[in-house]
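What TrEMBL records for this protein:
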- Lys116, Gln179, Gly208, Asp239, Lys366: UTP binding site (BINDING)
- His209: substrate binding site (BINDING)
Amino acid sequence: MADEKLAKLKEAVGGLAQISEIEKSGFLSLVARYLSFGIDLTASALDRAGKLNYSGDEELIEWAKIHTPTDEVVVPYDTLESPPEDIEATKKLLDKLAVLKLNGGLGTTMGCTGPKSVIEVRNGFTFLDLIVIQIESLNKKYGSNVPLLLMNSFNTHEDTLKIVEKYANSSIEIHTFNQSQYPRVVADEFLPWPSNGKTDKDGWYPPGHGDIFPSLMNSGKLDLLLSQGKEYVFIANSDNLGAIVDMKILNHLIHKQNEYCMEVTPKTLADVKGGTLISYEGRVQVNEFKSIEKFKIFNTNNLWVNLKAIKRLVEADALKMEIIPNPKEVDGVKVLQLETAAGAAIRFFDHAIGMNVPRSRFLPVKATSDLQLVQSDLYTLVDGFVTRNSARTNPSNPSIELGPEFKKVGCFLGRFKSIPSIVELESLKVSGDVWFGSGIVLKGKVTITAKPGVKLEIPDGAVIENKDINGPEDL
């Protein structure tokens, strides 16, 4: 049954002119691994399958064999040696590095069109502006040549090519390449949607950031970096403002010859998502365990990887990461997309480690509530680096929950004359038609709720501390 389905799928994929032979081969290999689990291929079963991950060449994990990693496997950041201080030695280290940002995501969840990396974060600068400024200031300071690579998806490719033109006069080398484009599979027929009448972009999907390793190789960028004497690539999400080049980490990896390093950070109650690192039968690997008590760290998706090791493993077709089935319904059609994650590759690299880093290295902007944090007085911006205000004594950031009226960036910005001071805020919950004046200070636990159909305006200069506000009378 599975062989028959795969043969039909293979025939249909062969006729797709929009993608390369390499992409076809990668897609079919992923599907063949997925089918090897003997999965029920009915649409309802595929819905259930979305809750499971499949690996292909490993047994089910035995709980008794799981160990919390030691400090040798997950190295505490504060035990790292200081990097060399003289400029020439630092330049030598930096000349072995390339920075790669995952730039395949759209800003649609925040109400923006185009790549998410062009959303303005602070002082008129976008994510991409800040990334370019950071690398420029590093290269200028040390006379180094750290290049920037952007891995786009077919969704962001064209826009990104136009956007990077504005950096034509910058002193950094910018390379762009595309991750693979795979066809979504119609669940009922188990055939590629593009060969079934779906001709627009919705018929396709980018197969997760685990695809970064073959795509880096297939694009020719991996060989280019190796020819320039680069040894490591620092990979991070373009929306993580904390993911900056760190000399202590780079110095450690080069001296210890670790082929792969995953930055992890202590979990808080808000961090249910994000895999944790475990030691299992002598190797370090990622798992999606949710327990905060047993698993106290999680993957930030900041990864440092040795380029020669990537080449060796991709050429040997050895990166068989867990497959993440992602069933969706698009335009009323149930489709399946199979994905992999870059973090899951950790178990294939030699001397792979985790690095338990400060929380400051994980500052993602996934929603307008995150944007409020980074645009407030809680942070300052210097040379493209977003730095936390030392006046805040609480190591955790305030929790901010904004209602649907604030979901889109345009609406969010329109509702604040200026972003309130939140240095002493613990939590903020806003719901309903609420508008903020300028110079507002929020402290402690604050809840602001506009009654249905009523516009609630918070006046200029208001100082609100530990209050529930349901109308002007509570101010």
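In case you wondered, yes, glycine gets a Cβ from its N, Cα and C as well.
Within the same chain, residues at least six positions away from Asp239 (UTP binding site) with a Cβ under 8 Å of its Cβ are Gly105, Lys116, Ser117, Phe127, Pro364, Val365, Lys366. Within its own chain, Gly208 (UTP binding site) has Ile324, Glu339, Thr340, Ala341 as residues 6 or more apart in sequence whose C-beta sits under 8 angstroms from its own.
Of all the binding-site residues listed here (Lys116, His209, Lys366), the one with the fewest other CB atoms within 10 A of its own CB is Lys366. The distance from the Cα of His209 (substrate binding site) to the Cα of Gln179 (UTP binding site) comes to 8 Å. For the UTP site listed in the record, the two most distant Cα atoms among Lys116, Gln179, Gly208, Asp239, Lys366 lie 21 Å apart. For Gln179 (UTP binding site), other Cβ atoms within 10 Å of its Cβ number 27.
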